[in-house]
C-alpha cells in the first residue's frame, strides 16, 4: 500500500514493489503556448517580476527566497530619487538570512579578484632580495635530471 509522509515542506512518497512495477498513469501536460512566464526575461510585459526567470539563479526559491523577493521587489518598484534607497531594511533582512546558510550563499572575499595563481601567490619582485637570490642559487646548484 502506497502512502505519503509529510516532513516539513517535503512529501515523501512510499510505494510498494507492485506500485513501482505497474505502468504509470500520469498524464503529461503540454506546455501552454499562452503561458505568460514562458520565453520572457526578468521583467514580464506587464512590468511584473518573472520569478521563474532562470537569470535569478534560483535566488527566489530556497531558504531565503522570500527575503530575496521582498528586497528585489522593493528595489524594482522603488520610486525614490536614488532607486532602492528605501529598501535598505529589506536587503539587510536578506543578508541576515543568507549568513545563516553559508553553504548555500558563500561570502565573496576580496581575494576573489586575485590573479589566477591564487590569493596566496606573491609575485617574486615582492620577495626580499635574499629570498629570490637563494631560490635562484638553489636552481642552478641542483639542475634537474631527466
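Using N, Cα and C of the backbone, Cβ positions are placed for all residues, glycine too.
Keep in mind the model is a prediction, meaning the values are calculated, not measured.
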Given ranges 43-53, 76-86, 87-97, the stretch to which Swiss-Prot attaches the annotation motif 'Cx9C motif 2': 87-97
Per Swiss-Prot, the range holding motif 'Cx9C motif 1', considering 31-41, 64-74: 64-74
Cβ-based isolation winner (fewest other Cβ atoms within 10 Å) among the disulfide-bonded residues 55, 74: 55
Residues from the same chain, set at least six apart from the ends of the motif 'Cx9C motif 1' (64-74), whose C-beta lies under 8 A from its own: 49, 51, 84, 86-87, 90-91, 93-94, 97-98, 101, 105
Same-chain residues at least 6 beyond the ends of the domain 'CHCH' (61-105) whose Cβ lies under 8 Å from its Cβ atoms: 43, 49, 51
